[in-house]
Protein chains: 2
Amino acid sequence: MELLFKDLSAELKNRRIHPSYQRIKVLDYLNKNQCHPTVDQIFKDLQREIPTLSKSTIYNTLNLFLKSGLIKVINIENNDAHYDIITKNHGHFKCESCGKIFNFSIDLNTFTTEELSGFKIIDKNVYFKGICPRCL
Amino acid sequence: MELLFKDLSAELKNRRIHPSYQRIKVLDYLNKNQCHPTVDQIFKDLQREIPTLSKSTIYNTLNLFLKSGLIKVINIENNDAHYDIITKNHGHFKCESCGKIFNFSIDLNTFTTEELSGFKIIDKNVYFKGICPRCL
DNA sequence: TCGTTTTTTGTAATGATTATTAAATACTAT
DNA sequence: ATAGTATTTAATAATCATTACAAAAAACGA
């Protein structure tokens with residue numbers, strides 16, 4: 001646990017982010033819960049460990065992580081943003097029945113089109129929607 | 001104009017949607033403005049032609065069109081939804097500087113992965129973000 | 001034409017996100 | 001260490017897109 005804390009702290013320092021307790025806890029949560037949690041999910045779970053936690057801190061921290069490129073936001077639906085630790089290339093599938101979001105691996109590097117030759121591409125997202133096997 | 005009106009009316013009837021004046025106007029607007037307008041843009045522009053128009057009607061109509069598969073919603077950002085008449089397969093590029101959304105053609109049918117073999121895929125979206133040539 | 005259903009309109013309610021400000025904490029230099 | 005400064009957190013208010021709801025208007029059918 002102490003070692004893990006050091007690792008997370010170092011990861012934040014690399015990104016020029018001061019490793020406060022709350023920030024480390026959020027990063028830890030995102031590492032352990034790679035299930036595309038929403039702000040509410042992160043807040044509710046962490047609040048049990050940190051009773052004084054504020055939802056503003058979650059928003060601040062996530063926006064900070066976003067700007068520094070630590071995480072990605074998934075806007076697969078228009079009501080609630082989901083957050084994702086950046087790992088390898090993968091797409092997201094959202095089940096329209098149960099609402100769960102699934103990963104699937106996809107090589108985003110193959111997506112290049114001459115039409116965007118003059119564009120600077122910073123981020124690529126692939127979103128599928130449909131029904132998952134359990135709901136079918 | 002009269003003929004066009006009939007065409008739009010027929011298109012709605014095919015989808016079992018009663019072709020009211022407002023609905024035809026919204027469909028007409030989406031056909032003519034394939035620039036991914038937001039609700040506000042549609043509302044403001046059509047309000048000049050239809051002074052009594054309500055924004056609720058825009059929301060109602062767009063949701064109706066969505067359910068019947070006439071249009072698609074683009075959630076490339078979390079603040080404002082954009083709407084798109086369904087044409088051919090294409091992806092969307094959003095410039096993070098000027099906010100404009102560009103189309104680029106991409107064959108979504110090639111995106112199949114064994115990982116999703118048990119899933120029923122209804123909809124595929126490809127969103128890119130970056131900087132457009134004019135802003136570079 | 002009357003009664004019923006559908007559509008539109010306007011406003012209120014909801015809910016996620018941001019803005020703001022004060023309290024708490026961490027940091028620096030003497 | 002300590003005083004002073006900067007940063008971070010917390011709590012609440014404000015914003016804004018979207019939905020819910022109810023009444024007015026329009027369309028429809030017998």
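Placement of Cβ uses the backbone N, Cα and C atoms for every residue, glycine included.
Caution: TrEMBL annotation is automatic and unverified by curators.
Look at TrEMBL and you will find B:Cys95, B:Cys98, B:Cys132, B:Cys135 tagged as Zn(2+) binding site. Proximity of B:Cys135 (Zn(2+) binding site) to non-local residues of its own chain (separation of 6 or more, Cβ distance below 8 Å) is seen for B:Cys95, B:Ser97, B:Cys98, given in sequence order. DSSP classifies B:Cys135 (Zn(2+) binding site) as coil under the three-state reduction.
Checking the binding-site residues B:Cys98, B:Cys132, B:Cys135 against chain A with a Cβ-Cβ cut-off under 8 Å leaves B:Cys132, in sequence order.
Remark: B:Cys132 (Zn(2+) binding site) has B:Phe93, B:Cys95, B:Ser97, B:Cys98, B:Lys100, B:Phe102 as non-local neighbours, by Cβ distance under 8 Å and separation of at least 6 in sequence. Neighbours of B:Cys98 (Zn(2+) binding site), defined as other CB atoms within 10 A of its CB across all chains, total 11.
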